[in-house]
Each structure stands twice: as structure tokens, then as C-alpha cells.
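What TrEMBL records for 46-79, 91-110, 130-151, 158-178, 184-205, 234-254, 276-297, 318-342, 362-393, 405-426 is transmembrane segment.
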Amino acid sequence: MAWTLLPLLGMLATWMANQNIAVFNDALRPIALEHKEGRTSKSSLALTSFAFSIGYVIGFIPPSLATGVIIVHVLLLGTDMLGTYLPNKGGWTHAVVLLAGGFYGLLVATGLEHLETLFAMLPYNFLGELALVSSVVLVAFALFPALVVALQYGWKRGLFTTIFVLLTQILVGKFGAITWQDRVVLLNANAMSLLVGMIFMLGFAMTDRRAKSTMQAQMLNLFSQRVQIIRKRWYLFALSGGLIAMSASLGMVAESALSAPLYQEGNFGSAWMTELARVLGFIPLVITTGIATGIYSPSGIKMVFVIGSLMAMRGNPWLALGLGALWMSLEVLLLTQFALFLDKFPALRETGDHVRTAVTKVLEFALLIGGMMAAMAIAPAWGAMLVAGLYLLNGTFKKRFIPMAIGPMGALLVGIVANILVVFGLA
């Protein structure tokens, strides 16, 4: 199925990026608008897309390898780069774009399998140790709502939330097995502590008494024509949403390095809550940039990943396809209503900004620690030192690595160096 789904998604996403209909990278939308309206060149757009995306693509390959689940950035940021680079002069160029996108999707779909075979051929196969990269992510992620609360409302409320999250982790870990009608139900401590943290985070935001905003309403008045451009293409977004939800329901793709390990374990009950937390962070950004530019995201506010996770629990990928398509259709057609809803809860929009900051910080920390653990497992004497050196020196490099990528990339580099040492008899 991956040989069909991901090439189809690759074709569609590449063509949408090529036609300036949708790009996955939120920061790229204003630049894509500049090109669409003739204020910047195609080459400038392509170079900007490459600069914005390549670090994430490379950085998310090791976690994808470690879990066997493709982090969707590897696919959709790649299609952003392809779509913005390839010509869009009509006619034969459409076929070139579709073929290139399909080939890239096929490469992503089959690449993990081929890389696993390649790892097995190495003198020292470190793929098992590489899985440690994501080992800290699940525990650390439960604390991101507490960090959001601290950033938005101060350290006292943040500490208060942290205490309840920790208590939930301890109590569910101790008493999480519940017997009901002769069946034992096991509660996941990480998922339950995340849920408690999110309840506090949303509770503080929804009860915030600040005055209602009119920002989104003003934007809708200014950019109503651009909103109509997105709505007219609802059928394309329905197709992309359906394909993404179906791919997620089959465990092929995950939205982030946070949910990929849960997909690997088949723990979709926790995965959908993790994906929902990401949705809350991206609602304001995706909707605001979409309204302002008339260019949306092929995955929208990312709710299609939640649908995919929920349908994975039911084992029904075809229902995921239908529900994903339905959701994206409604999301695009009701874009105006989503924007006006944000005006009613201005604190919730601010929470979304803090969610992105907090999730990034948690991921950077967790992947760095996980990368050092993997590096120590691969090369106990010097592995952690190499990863630490990369992290500490990164700020001095002319071209810096994305901090989130240093842990996974460092662990991968340690594995490569370890194999070279084995070949020369030095390890």
C-alpha cells in the first residue's frame, strides 16, 4: 500500500507547491505569495524553500529510521522543495512535476526498507542502538503543557501544572491497571499525564478574561479574495487530507518525532492525543498565514493525523481516507468561521504560539539526550563526547544545524565513524 499511497501524495503535494496552492512549511507561504504575484523570482523561491526545509528533512531521517515510521516532514518538505524548484509554465511541465513528485514519494516509501538492508550489511549494525534517540521523547513531551502555562502565565502556574503532571505519571504508573468486566485495561502513564497537562493548559486559556480580539475579522476583510482562492480548491485539499489520514492509519507516516515511537509500538491511543496537542499549536499559524496569502497547507491544521491515529485503533484505513477528506473539505470551506472563533478566545491564539515554542524546546532537549544515549550505546568511550561537541560548537558554525537535529544526526555520525574504526581495526 505504501508503494501506492506515498507516491500519490508526493505527486499531489509537489503539484500543489508548484502551482502555489499549498506548501507544508508555514514560513514559506509569504515567499510563495511574493512569487505568485510576481515580486520575486522562481530561483529565489526555490533557494528559500531549500534553506527553510533541508535541515528538517535531514534531521528527521534518523528518527524515521529508528522507528520505521516516516516523519511526514521528510515527505512534505521534500515536495515543497521539488515543487518550488521545478518549472510551472503549463503544458508538459505539469507531467514533469507529477512524475518527479511521484518518484520522490516512492523513494521515501521504499527508502527505509533499503536503508535497513544497508545497515545489515555494515561491519557494525547500529540500527538497534539508534532507536534510543527517541527513548526520552515520550516522557519529556508530557511536560510541554506545563512549559506553555509557565510561558503564558508565569512560573507559579507552570510549577503548579508540573506537580499535577508528575503526580499523574506516578499514580498511573503504580495503579494504571484497571479490571473491568473481567478485562484488564492498562492506562498509559505518559498519555494520561499529557492529558492532565493539556487540561490545565486549555483551562487557563479558556478562562482568561481578556477582551475579545478583532484581528482575524480585520484580516478576513482585507484578504477575502485570497480566502476564496483556497475555498475554490477544496477538492484538492480533500484528496491530500484523505491520503494523509489513510497513510497515518496504516502506520506509514507520523506528524512528528513525538508520535513516531507510539506508532512503532502500536500505541495509537496515546498517539492521537500527542497529535491533538500539535493541532492546538498550529491552528493560529496555519489559519493566519492561509488567510493572508491565499496559500494553505496540504495537511491543514494537522487534524488529519488525529483522524489517522484514531482510525488506526479501529484498523480501518478506508474510513480514515473518507473522514480525512471530509475534515479537510470542511476545514477549507469553513476557514472564515475558524478565524472568527480565534477572535473569541484571544488567549487561545497566544497559547498556540507558546505551544510551538514549548514543543520545539522539549523536542530539542529530548532528542539531544536521546542522541547522547544512542551515541554512548554505539561507542561508550567517545560517542557522547562527539554529540556534545556538535551541540556546543553549533553556534560557531557558518551554517548551523537546526538544534532539534543535532541529537539524531550526531548519533548517526557516531555510528558511521564507529564503522570506519571497525574497518581499520581500531574498535
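Here the Cβ of each residue, glycine as well, is placed from N, Cα and C on the backbone.
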Ranked first among 46-79, 91-110, 234-254 for CB pairs under 8 angstroms with the transmembrane segment (130-151):
46-79
Do we see three or more Cβ pairs under 8 Å linking the transmembrane segment (276-297) and the transmembrane segment (362-393), pairs being at least 6 apart in sequence?
no
Most Cβ pairs under 8 Å with the transmembrane segment (46-79), selected from 91-110, 184-205, 234-254, 362-393, 405-426:
405-426
Candidates 184-205, 318-342, 405-426; stretch with most C-beta pairs under 8 Å toward the transmembrane segment (362-393):
405-426
May I ask for the residues of the chain that lie six or more residues beyond the transmembrane segment (318-342) and have a Cβ under 8 Å from a Cβ within it?
213, 216-217, 219-220, 227, 230-231, 233-235, 237-246, 248-249, 283-284, 287-288, 290-291, 296, 300-301, 303-304, 307-308, 311-312, 348-349
